[in-house]
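Asks: Handing you this structure, nothing more for now.
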Amino acid sequence: MSLKEKTQSLFANAFGYPATHTIQAPGRVNLIGEHTDYNDGFVLPCAIDYQTVISCAPRDDRKVRVMAADYENQLDEFSLDAPIVAHENYQWANYVRGVVKHLQLRNNSFGGVDMVISGNVPQGAGLSSSASLEVAVGTVLQQLYHLPLDGAQIALNGQEAENQFVGCNCGIMDQLISALGKKDHALLIDCRSLGTKAVSMPKGVAVVIINSNFKRTLVGSEYNTRREQCETGARFFQQPALRDVTIEEFNAVAHELDPIVAKRVRHILTENARTVEAASALEQGDLKRMGELMAESHASMRDDFEITVPQIDTLVEIVKAVIGDKGGVRMTGGGFGGCIVALIPEELVPAVQQAVAEQYEAKTGIKETFYVCKPSQGAGQC
């Protein structure tokens, strides 16, 4: 049973009438451009065919009813006419409440709604299950009530809800790619202007995501430290962000910087350049060059930004040994565990899966999770 069929069936059973719309919003993986977002730089994600699906219908009053199929059909109810506050027990409900609350601040011309939500974006794998939920809820209200909001505004609304209502600091990339993703394309995003450019993906290439299942512990504190080091670097160059520093300017004075800060700055400057070049390589179908750029990105994250762990490096090496120069592989996400992403010719996927199954657990004692994805369409009706 598809998520669409599941949510429509649950909707009819729970609310006693059929849903009028079914909306989906996808998760994402970032192909290249790591830790560049908060430095006003470039990222190159694609939406994946794992998504949050909501069957819904407008109500003729001001009540919102939400059922979470993936949380034992828990039900949340609240009114649009009362202040929207955090739910005491259901964390999932706060993503919904936050999106609705912030949407009211943007455009309050919508009424009540019934929703049943289900998703298959793996949670805790860094594939943006929360952004997918936020964008799905925003799209539901935009579609049901014909709100004059575009995908970028729905994405910004989701980011605000996560930052201010849920209380989790995040950039804009995750929501933006979920809202604006394009089938068979990646999206080059300028994190300063929020400008986007669709980049066609080569035919016959699979997007493979492998979760190391190494439990991330340092990610919060180390993330903040990296951010501070980048801000220190920008101040040294008297610029608002590292986006505004050239590699030539850096090389001329790198010896004057604190050695650790210099390494962090070098990663951001080179990663930005790699990300822009990667968009061109992908568009031209040059998988060999894309693979080189992904390898350079991984080495930079390992040696200059120091955010990989041995388990992740092991996974990358296993995959690289199979694909050679026919594709690319690197860590993706914040670091200290999580996932790797690989662009692999479809015919090599079984060999990669076999090599990882045979070697990764033997070397690390941890069993991986393997996902084969397609670059998918952003949020909309399904």
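Backbone N, Cα and C atoms are what each Cβ position is placed from, and that goes for glycine too.
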Asks: If I go by Swiss-Prot, which of Y95, Y145, Y223 binds substrate at the same site as E34, H35, T36, D37?
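Replies: The record-listed residue among the candidates is Y223.
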Asks: Between D174 (active site, proton acceptor) and G124 (ATP binding site), what C-alpha distance do you get in Å?
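Replies: Cα of D174 (active site, proton acceptor) to Cα of G124 (ATP binding site) measures 14 Å after rounding.
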Asks: Drop a 10 Å sphere on every Cβ of the recorded positions E34, D37, E162, D174 and tell me which sphere holds the fewest other Cβ atoms.
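Replies: The recorded positions E34, D37, E162, D174 were compared, and D37 has the fewest Cβ atoms within 10 Å.
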Asks: Check each residue in the chain of T36 (substrate binding site) that is at least six apart in sequence and keep those whose C-beta is under 8 Å from its C-beta; list them in sequence order.
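Replies: Listed in sequence order, they are F42, V43, C191, I268, E271, N272, T275.
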Asks: Between the binding-site residues G124, G126, where is the Cβ count within 10 Å the lowest?
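Replies: Among the binding-site residues G124, G126, the lowest count of other Cβ atoms within 10 Å belongs to G124.
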